[in-house]
Amino acid sequence: MPDIKVTPLGAGQDVGRSCILVSIGGKNIMLDCGMHMGYNDDRRFPDFSYITQNGRLTDYLDCVIISHFHLDHCGALPYMSEMVGYDGPIYMTHPTKAICPILLEDFRKITVDKKGETNFFTSQMIKDSQELCILLETFWERMNLKAPIYFSTGLTEKANHYYKLFITWTNQKIRKTFVQRNMFEFKHIKAFDRSYADNPGPMVVFATPGMLHAGQSLQIFKKWAGNEKNMVIMPGYCVQGTVGHKILNGQKKLEMEGRATLEVKLQVEYMSFSAHADAKGIMQLVSPEQALKELGLSEHQLRFTCRVHLQDPHSDTDTLSRIYSHLKSVLKGYAVQHLPDSTVMVESIVLKVSSSAEEPDLKVVLLSWCFQDEELGSFLSTLLKKGLPSAL
């Protein structure tokens, strides 16, 4: 197994400008290429000097993988392309479980969200906007609500077009709705125009960037901040120095450009709706077989381990047999095996028993399991911590 080298080029000790370089098997992969929202100087971008000393980034990197469309994860891509010379492949994790190629010009466009029941405002990013649109569309339909919902034209509209076109790539729950209608043919959600922000009455708008540091979301926030009937909901973390961070911390007066002061009277709420891919999403980015083939590597299995201490007066061999009998009686739907190498195996989980000469009655049970059996491994460790039934 070749060495894996991980080098943080940004966000090593801070939130923002996420950028990690991974080198494995002669391949160099950059994970994210973000910008820091709280800075306006060179600290805003990752430190590319580590890999640009001997030429252009294209000559060094094999590909860039973006976890999602937050500027702190992808905002430095145009800079990387123009200033340090990268024109290689870029991919992102995607809810359809596919590798999704993306274009640099898409990052120069900004999407919108917002809500206004008494002008109700949320801010989020491209992947989330589709999920939020589905949630609100379903709720509006069920409750027969009439307040308009808007999202800005541009990247969100373009993305929605492809969601409609490739609905068969989405998850099973979404595909099932296609029998009656295409879930992405929204009845209550329409494209946003800047003039709508001055319309009377309630509305919903999805607006980015989510930290309120620039763009459409900040422009709408400035218009609505002075009315206590309005509300802004921040659905994600905001780095220090951004307007989002300030209002989440209760700041009521903001110094804007030109030293103008903006008084914040609207309600501020936080509702976590993270766009970050979880462990399962990252594992589904590409099939293991495809990745190993492209990298020319053999499979390396990551295993989790834990130790459980048991008081049992029997020999190590007898204790293992008692554990085997106990698991056979509890795990009816699983194949529990007692192997000749003095181990018990359940799915990918391996159990071994040992004891010390000083305390022969104190057994140490070593459990080891693969990622896919993490839940079962945790269950077995909890079960064994309770001890073995005396009847065994």
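One is the number of the first residue shown, and numbering goes on along the chain from there.
The backbone N, Cα and C atoms fix where each Cβ goes, and this holds for glycine too.
These features come from TrEMBL:
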type: DOMAIN; residues: 16-211; note: domain 'Metallo-beta-lactamase'
type: DOMAIN; residues: 129-247; note: domain 'Beta-Casp'
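Using DSSP to sort the residues of the domain 'Beta-Casp' (129-247) gives these counts of helix, strand and coil: 55 helix, 16 strand, 48 coil. Predicted-model confidence for the domain 'Metallo-beta-lactamase' (16-211) is 71, expressed as mean pLDDT.
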